[in-house]
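Copied over from TrEMBL, here are the features:
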- A:9-92: domain 'GST N-terminal' (DOMAIN)
- A:97-225: domain 'GST C-terminal' (DOMAIN)
2 protein chains.
Amino acid sequence: MQSRDHDTEPLRLYTYWRSSAAYRVRIGLALKALAYESVPVHLLRDGGQQHAAGYRALNPQELVPVLVHGRRVLRQSLAILEYLDECWPQPALLPADARGRARVRALAQAVACDVHPLNNLRVLQFFEQQWAVPQAERETWVRHWIGTGLAALEAMLADDPATGAFCHGDAPGLADCCLVPQLYNARRFGMDVEAWPTLARIERACLALPAFRTAAPEAQPDAPAAS
Amino acid sequence: MQSRDHDTEPLRLYTYWRSSAAYRVRIGLALKALAYESVPVHLLRDGGQQHAAGYRALNPQELVPVLVHGRRVLRQSLAILEYLDECWPQPALLPADARGRARVRALAQAVACDVHPLNNLRVLQFFEQQWAVPQAERETWVRHWIGTGLAALEAMLADDPATGAFCHGDAPGLADCCLVPQLYNARRFGMDVEAWPTLARIERACLALPAFRTAAPEAQPDAPAAS
C-alpha cells in the first residue's frame with residue numbers, strides 16, 4: 001500500500017468482470033497496489049444493471065467502470081488511469097517526457113478509441129436487436145476491428161526502439177493496461193494472438209506480473225465459478 | 001505566436017477538412033496560436049489517401065490526424081492535444097487540479113471513444129460494402145450513437161457546478177475541442193443540436209471565438225469551394 005493523503009479516502013470501483021474498460025482500471029489499481037472496494041454491475045442481468053436509475057445517476061453514459069474516490073466520481077477508463085497516476089505517481093503509468101507520454105497515450109487510444117468501442121456489448125446488442133444481424137456476422141465484425149486495430153498496434157510497436165519488454169520501455173504502463181484486456185477479448189472471439197508477435201510477447205511479460213493476474217476477469221468476485 | 005524552444009521546430013498536420021478528429025487538433029493549435037503546415041489527406045480520393053503506403057508508414061492506423069513536430073510523429077487526436085498542452089502550456093487545455101483534469105478528460109473521451117469511432121468513415125464503408133446496409137439505415141445508426149452519446153454528455157454537464165461558459169469553467173479546453181466537431185457532425189446528419197441545450201450554449205460560446213472559426217471544416221484549404 002502507498003501512504004499518501006489520498007489514502008485516507010476510500011476507493012470504490014464499479015466494475016464487471018468481463019468488461020475490457022474495467023479490466024484496464026483494475027490493472028492500474030493493482031500496479032499501484034491500491035486497495036479498493038469492488039462493486040459489481042452486471043451488464044446482462046436485470047436488463048443490464050448499468051441502465052438502472054441509481055447507476056445512471058453515477059454515470060449518465062451507462063457504462064462501466066466508474067471509480068468513486070471519496071466524493072469524487074470519476075468516469076472513463078483512460079481518464080481514471082491518468083487520475084490514479086497523478087494522485088499516486090509511483091509506479092508511473094506514463095513516462096516523464098512529453099514525447100514518451102504522447103506515444104503511450106496514442107497506443108492506449110488506438111485500443112480504447114478505435115478497437116474496443118466498436119465491439120462492446122451495446123453495439124452487439126444493437127446489431128442483434130435492431131438489425132437482426134446473425135451471430136456469425138456479428139463475430140465477423142468483432143474480429144474485423146480487432147484484427148485491423150491490433151495489426152496497426154503491432155506495426156506501431158514492432159520496429160520502434162522505444163518498445164521494450166513492455167509497450168514503452170521495461171516497465172508496464174498505460175498502454176499495457178489497454179493491450180492485455182484487448183488480447184483477452186481477441187482470444188474470446190477465437191483469434192490467435194500469436195499473429196501479432198510483439199503484442200503476444202508483451203502480453204506474456206504482463207501476465208508474469210501478479211498485478212495483471214489479480215486484475216484478470218476470472219479472478220474477480222463477480223466472475224462465474226469455474227465449471 | 002508563442003516563443004519557446006519548441007517553436008524552432010516546424011509543425012505539420014496531416015488533416016482532412018471534414019475529419020472530426022483532425023478538427024479537434026486544429027482547434028487546439030488555433031487556441032494556442034501555433035503556426036503549422038497543413039497537409040491534406042483526402043479520405044475519399046484515390047481509394048482513400050490514408051491507405052497509401054507513404055501515409056501508412058506515418059500512421060499504421062491509416063487514420064487522420066497525424067502531427068509531425070520536428071522528427072516526432074504524433075498520432076491520436078487526444079494524445080496530440082495533451083502533447084500540445086505539455087509543450088505549450090498557455091492557454092491551458094486542461095485544468096491544473098487532478099480532479100478537474102479527470103473531469104475534462106472523461107468529457108473528451110465520452111465523445112472521442114464512445115461516439116465518434118462508431119460513426120466514422122471506415123465504419124460506414126464496412127456497412128455499405130460488407131453488409132449492404134441501405135443509406136437510411138446507416139444514418140439511423142449514426143444518429144443513434146450521436147443521440148445516445150450527446151444526451152449523456154448533456155446530463156454530465158447540465159447540473160455540474162464545474163461547467164461554466166465552456167465545458168469546464170470559463171475558458172475553452174480539451175472537452176470543447178471534442179464537443180464542437182461532434183455537434184458539427186450531428187448537424188451534418190440532420191440532428192437539431194438544441195435538443196441538448198447546455199451543449200448548444202457551449203457551442204455558441206466556442207464559435208464566437210476566432211480559434212474555433214479558423215479550425216472549422218469550411219475554413220480549410222482542402223474544403224471544396226462553396227457553391
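Quick reminder: no glycine exception, Cβ is built from N, Cα and C everywhere.
Not measured: the values here are computed from a predicted model.
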Summarise the model's confidence over the domain 'GST N-terminal' (A:9-92) as a mean pLDDT value.
97
For the domain 'GST C-terminal' (A:97-225), the number of residues DSSP places in helix, strand and coil
90 helix, 2 strand, 37 coil
Reported in the order helix, strand, coil, what are the DSSP residue counts of the domain 'GST N-terminal' (A:9-92)?
35 helix, 17 strand, 32 coil
